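Student: Pulled the feature table from Swiss-Prot, pasting it below:
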BINDING   K22, N23  phosphoenolpyruvate binding site
BINDING   R93, R122, P123, V124, D125, Q126, D305, I327  UDP-N-acetyl-alpha-D-glucosamine binding site
ACT_SITE  C117  active site, proton donor
MOD_RES   C117  2-(S-cysteinyl)pyruvic acid O-phosphothioketal
Amino acid sequence: MQKLIIQGGVRLSGDVTISGAKNAALPILCASLLTGETLVVENVPHLNDITTMLDLLQQMGVRTNVDSNRTTELTAAYLSNLVAPYEMVKTMRAAILVLGPMLARAGAAKVSLPGGCAIGLRPVDQHIKGLQAMGAEIEIEHGYIHAKAKRLNGAHIVMDIVTVTGTENLMMAATLAEGTTVLENAAREPEVMDLANCLIAMGARIQGVGTDIITIEGVESLHGTHYCVMPDRIESGTFLVAAAASGGEIYLRQTRTDTMDAVLDKLMEAGAAIESGEDWIHLKMNNPPKSVNLRTAPYPAFPTDMQAQFMVLNTIATGTAIITETIFENRFMHVQELERMNADIKVEGNTAVVCGVAGLDGANVMATDLRASACLVLAGLIARGETIVDRIYHLDRGYERIEEKLSALGARIRRS
């Protein structure tokens with residue numbers, strides 16, 4: 001099993017080019033199921049989850065081609081297999097995103113209940129409830145969702161909770177439904193907007209993108225298009241926190257500043273000097289960080305996917321920070337590993353109290369999920385001595401060449 005070996009204590013400095021957003025690319029790849037024409041997707045990151053999704057789509061009959069420039073062509077002229085098996089779904093929760101488009105286009109789907117990161121139940125009941133409202137017949141047997149419908153019908157759907165993948169699944173399904181679908185309490189995340197913009201480019205009729213009420217007028221068919229995936233706001237935030245925690249200076253290229261207000265506000269509150277343009281961000285940390293309180297919530301509030309990284313920043317900050325996690329119930333699993341590195345953290349329910357210490361100590365630590373693995377890498381970068389991060393397959397699910405990008409900033413990090 002691969003691991004990362006890090007010699008800490010280096011001030012990071014330099015330029016980083018941000019990759020395409022995994023959480024936008026995955027549903028956009030699934031959108032290829034909605035048309036028999038070719039969908040060309042640019043800026044697709046090279047990640048394990050992307051590879052798994054492409055393998056799954058190929059198994060369903062989608063022809064794919066990936067070139068050296070991270071451009072992916074997908075043609076779903078004929079869907080030969082309407083099953084997403086457990087063996088492929090268990091490592092990636094996003095595989096549930098084939099359910100809506102496959103059902104809308106082919107009239108049937110059999111999808112395994114999802115796996116992925118162990119950071120909460122993340123139930124799919126909102127997906128099922130919405131599709132049933134659109135006329136689908138759904139049964140769950142032996143760990144699989146069995147769905148069928150001659151043609152989906154438009155419906156008024158009020159989601160009980162804000163769910164990103166639920167919004168995406170229902171939005172894709174509604175593009176080919178008969179009539180108008182209204183999604184209330186819809187997710188507003190930029191990745192949802194990116195998918196919607198791709199669907200619109202394919203001929204979908206969607207209004208309210210970026211609001212909590214999305215209206216989709218179904219059409220008979222969608223067509224192919226060229227689309228470029230948005231930059232990854234979580235990768236952007238991770239590198240900004242890495243630079244801030246190390247007292248460094250960083251310049252992000254090919255990013256999207258307008259998607260990062262909550263993260264940038266907290267970094268400035270911590271003492272970072274930040275300048276930015278439409279597609280670039282410059283951060284410089286002149287003084288030790290100040291502690292910042294966080295409360296995760298759906299976009300545009302502070303993202304849960306940045307909670308663990310900011311916890312690392314708070315471990316060495318001046319003062320005490322209170323971090324409240326409202327999205328997932330098990331997203332403090334990295335705390336135990338940070339405590340092995342001399343962090344002072346107390347957890348009670350969905351709240352963590354982080355008291356800043358003079359410095360972290362290198363240690364052997366183990367990643368438990370994608371963002372926790374990133375936080376442990378950041379901790380190793382600022383710790384005294386050597387840190388070994390095990391189970392980094394989690395990291396490879398969401399960060400493209402992270403050790404290469406960090407090395408270019410001066411980090412002493414290698415894969416073993």
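A Cβ is built for glycine as well, from the same backbone N, Cα and C atoms used for every other residue.
Are these features on the surface or tucked inside, and what touches them?
Tutor: DSSP classifies K22 (phosphoenolpyruvate binding site) as helix under the three-state reduction.
Counting every protein chain shown, 20 other Cβ atoms lie within 10 Å of the Cβ of V124 (UDP-N-acetyl-alpha-D-glucosamine binding site).
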Student: Rounded to the nearest angstrom, how far is the Cα of N23 (phosphoenolpyruvate binding site) from the Cα of D125 (UDP-N-acetyl-alpha-D-glucosamine binding site)?
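Tutor: N23 (phosphoenolpyruvate binding site) has its Cα 20 Å from the Cα of D125 (UDP-N-acetyl-alpha-D-glucosamine binding site).
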Student: May I ask for the distance between N23 (phosphoenolpyruvate binding site) and I327 (UDP-N-acetyl-alpha-D-glucosamine binding site), taken between their Cα atoms and rounded to an integer number of Å?
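Tutor: That comes out at 16 Å between the alpha carbons.
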Student: If you run the three-state DSSP split on V124 (UDP-N-acetyl-alpha-D-glucosamine binding site), which class comes out?
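Tutor: In the DSSP reduction, V124 (UDP-N-acetyl-alpha-D-glucosamine binding site) maps to coil.
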Student: Per residue, counting other C-beta atoms within 10 angstroms of the C-beta, which of the binding-site residues K22, R93 reaches the highest number?
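Tutor: Selected residue: K22.
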Student: How many whole Å apart are the CA atoms of V124 (UDP-N-acetyl-alpha-D-glucosamine binding site) and K22 (phosphoenolpyruvate binding site)?
Tutor: 20
